[in-house]
Amino acid sequence: MPLGQRAGDKSESRYCGVEVLDFPAGEELPAVLSHSLSSSFDFLLAPLVDPDYRPTPGSVLPVAASDLVLGPAQWSSHIVGKINEWIDLDAEDEQLRLDSEITLKQEIAWASHLSLQACVLPPPKRSSCANYARVVNHILQGLTNLQLWLRIPLEKSEPMDEDHDGAKDNSDMSDTVDSWEWWNSFRLLCEHSSQLCVALDVLSTLPSMNSLGRWFGEPVRAAILQTNAFLTNARGYPCLSKRHQKLLTGFFNHSVQVIISGRSNHNVSQGGVLSGDENHTEDTAVRHALSPYLDYIAYIYQRMDPLPEQERFEINYRDFLQSPLQPLMDNLEAQTYETFEKDTVKYTQYQRAIAKALVDRVSDDDVSTTKTVLMVVGAGRGPLVRASLQAAEETGRKLKVYAVEKNPNAVITLHSLIKLEGWESLVTIISSDMRCWEAPEKADILVSELLGSFGDNELSPECLDGAQRFLKPDGISIPSSYTSFIEPITASKLHNDIKAHKDIAHFETAYVVKLHRIARLAPTQSVFTFDHPNPSPNASNQRYTKLKFEIPQETGSCLVHGFAGYFDAVLYKDVHLGIEPNTATPNMFSWFPIFFPLRKPIYVPSKTPIEVHFWRCCGATKVWYEWAVTAPSPSPIHNSNGRSYWVGL
C-alpha cells in the first residue's frame with residue numbers, strides 16, 4: 001500500500017519495501033510476502049538462493065522458492081532479489097573467487113527467469129574491485145529489463161584493510177574512505193551502464209550535507225534504512241533525527257524508494273500508530289515487527305507539502321533533453337506560442353519595466369502632448385503588445401506601437417487580436433524580419449523577448465544589434481542587459497541518455513532540460529554579458545571566458561558530467577527576469593536551464609578546482625558555443641567550429 005497521498009506525486013518513492021534477513025527456505029516465501037503486504041509494505045528485498053550454497057558439479061541451485069509459488073506479476077511487482085553477500089570476486093583465494101563468479105551469474109540468471117525488475121548486489125568488500133566490476137559488466141551486457149542495484153553504505157569510513165585481518169597500513173591511517181569513491185570506481189569500470197544503479201545503506205551517522213548532495217545526481221533507486229538509524233521519541237516510538245528526515249524528504253523528491261532493514265529495536269505495543277497515519281491501521285494481530293518503522297516513514301511522507309502547480313506542470317519534462325529553439329531559422333508553431341503566453345509572470349515583469357520606462361520617458365507635465373513610439377520586435381501573437389498597452393493605460397501615457405514579426409502565421413493571429421481589441425489606431429503591424437525592415441520613424445522604447453535559456457543562445461545580441469538602428473540615440477531597450485551563468489553538475493541520467501545515441505555529436509550539443517536528478521557541485525559564475533543599446537554596435541559578439549570553480553572541501557571527490565546554464569536579465573532598472581538559481585523569478589516557466597555535456601565525465605578529487613573555458617563564436621551564417629575543461633584533467637574542445645551544434649542566423 002502506498003505511503004500515502006501527496007498531490008501531484010506519482011513517483012515510485014510512494015512505495016516502501018522491507019528486507020528479508022533470513023533465508024525463506026522451502027515454501028515460506030509466499031507467506032512472508034503475504035504477511036508483509038498485509039502490513040502495508042509494498043515489496044520485499046529477499047534472498048533468492050540459500051546463503052550456504054557453493055557451486056559443485058551437477059548440483060541444483062537451492063533457490064528460495066520455485067517460480068510457481070508466486071505468479072509472474074507477484075515476482076515482477078513485489079520481489080527485489082538480494083544476491084548472496086558471501087560473494088567476493090576480488091578475493092585472493094582463487095576458489096572463492098571462482099565460486100563467487102559462478103554463483104553470481106547463476107543468481108542473476110534465476111532473477112531474469114523470474115522477470116524481476118531489480119537485484120541488489122552486495123557492496124564491494126575492498127576499495128579495489130576490478131574483477132567484481134568486470135563480471136558485473138559482462139552480465140549487464142546480456143540483460144534487457146533487469147536492473148542491478150549496487151549496495152553502498154552511505155558513509156565516510158576508515159579505509160578497508162585489503163586482507164580484512166584488522167591490520168592497517170600505517171600510510172593510510174590518516175585517510176578516510178569515501179564510499180562514493182567505491183561507487184564511482186565501479187560504475188566507471190562498468191562504462192556508465194544505464195542498468196547499473198545504487199541502493200544506499202542509510203546508517204545512524206551521516207556525512208555532511210554537501211557530501212550527501214552528490215548522490216542526488218547519481219542513479220539511486222533505493223535507500224535501505226537501517227533500524228539502528230532510528231531514535232526513540234517520548235512515547236517510545238521510532239523516529240529519525242532532523243538530518244535523517246531532511247535526507248528522507250530529498251529521497252522522496254527524487255523518486256527513491258525506501259527499504260526498511262534490520263531487527264526491531266523498539267518494543268512498541270501493537271495497538272497504536274502515529275497520528276495522521278490513517279493508511280496504516282491494519283489488524284494489529286498480523287502486523288509486521290517493523291510496522292512501527294513503516295508508520296514513521298509514512299508519517300514523514302504524508303506531511304510533505306503537495307507538489308506546487310508549476311512542478312506538476314513540469315513533471316513530465318524532468319531530465320528530458322530537448323533541442324533549443326531556432327527562432328530565426330524556424331517559425332514557431334501555435335502550440336509553442338500558447339505555452340509561452342501562459343507565463344503570466346514573465347509578462348507582468350515586462351509590463352512593470354515598460355511602465356517605469358514610460359514614466360521616465362514622459363514627465364507628468366507632458367502626458368497630454370507627448371506620444372511615445374514603442375517598437376515590439378519579435379511580436380509573436382501579441383503578448384508584449386498587450387503588456388505595452390496595459391503599461392500605457394496604467395501610467396496614463398500615450399503610445400504608438402509598431403509590432404514587427406517575421407512569422408506570417410503569427411501575423412494572422414496578431415491582426416485578429418488587434419481587430420478584436422480595437423487597437424487599430426494604436427498598433428501598426430509589420431510583417432517583416434526586423435533585420436530587413438526600414439522603420440519610418442525612430443523609437444523611444446524597443447521591446448523584445450528574444451532571450452534563450454542561456455540568455456544569448458537564441459541570438460538576441462545579433463537581432464537587437466540589427467534593430468538598434470530603429471532606436472533614438474537616447475532610447476531605451478527592454479531588456480537592457482542579460483548575463484549567462486554556469487555551474488558544474490553531476491547528472492548521470494542525462495549522461496546516459498546522451499550516451500545512448502552512440503556518437504560524439506550528441507555530446508557536443510547543448511540541451512534545454514528541466515534539471516531534476518542532478519547534484520550542483522559549486523556556486524554559479526557569470527559567463528557572458530550583453531548590453532543594449534550596444535555602446536559599440538559594430539563590435540563583434542564573439543566572447544571568451546575562463547572560469548575556476550572551487551568545490552566545497554566537505555563535498556569530497558565528485559564526477560562532473562557537464563555544466564548547467566542559466567541567465568539573468570535586467571529588463572529596466574530594478575526590474576529583472578531570470579532563471580539563475582540564486583535570483584530566479586518565482587513561478588516562471590518559459591525557460592528551463594541549458595545543459596552543456598562533457599564527452600567524458602571529469603573526475604574531480606577532493607580539494608581540487610575545476611577550470612573550464614567557454615567560447616561564443618560567430619560566423620557568416622551561424623553562431624555556436626565551444627567549451628572545454630583544462631583542470632583537473634583536460635577534455636577535448638567540444639563542438640569545434642560548430643561541427644555538431646549551432647544556431648542559424
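Each Cβ is built from the backbone N, Cα and C atoms, and glycine gets one as well.
In Swiss-Prot, the feature region 'Dimerization' is placed on 491-507, out of the ranges 321-337, 406-422, 440-456, 491-507.
S-adenosyl-L-methionine is bound by Tyr337, Lys346, Tyr347, Asp433, Met434 in Swiss-Prot, and the record lists one more residue there from Glu309, Glu311, Glu405, which is Glu405. Taking the C-alpha positions, the distance from Met434 (S-adenosyl-L-methionine binding site) to Glu449 (active site, proton donor/acceptor) comes to 13 Å.
It is Asp433, among the recorded positions Glu405, Asp433, Glu449, Glu458, whose Cβ has the fewest other Cβ atoms within 10 Å in the structure shown.
Look at the binding-site residues Lys346, Tyr347 and count other Cβ atoms within 10 Å of each Cβ; Tyr347 has the fewest. Close to Tyr337 (S-adenosyl-L-methionine binding site) in the fold, though at least 6 residues off in sequence, lie Gly380, Arg381, Ala410, Thr413, each with a CB less than 8 Å from its CB. For Glu405 (S-adenosyl-L-methionine binding site) paired with Glu449 (active site, proton donor/acceptor), the C-alpha to C-alpha distance reads 12 Å.
DSSP assigns Tyr337 (S-adenosyl-L-methionine binding site) to a helix.
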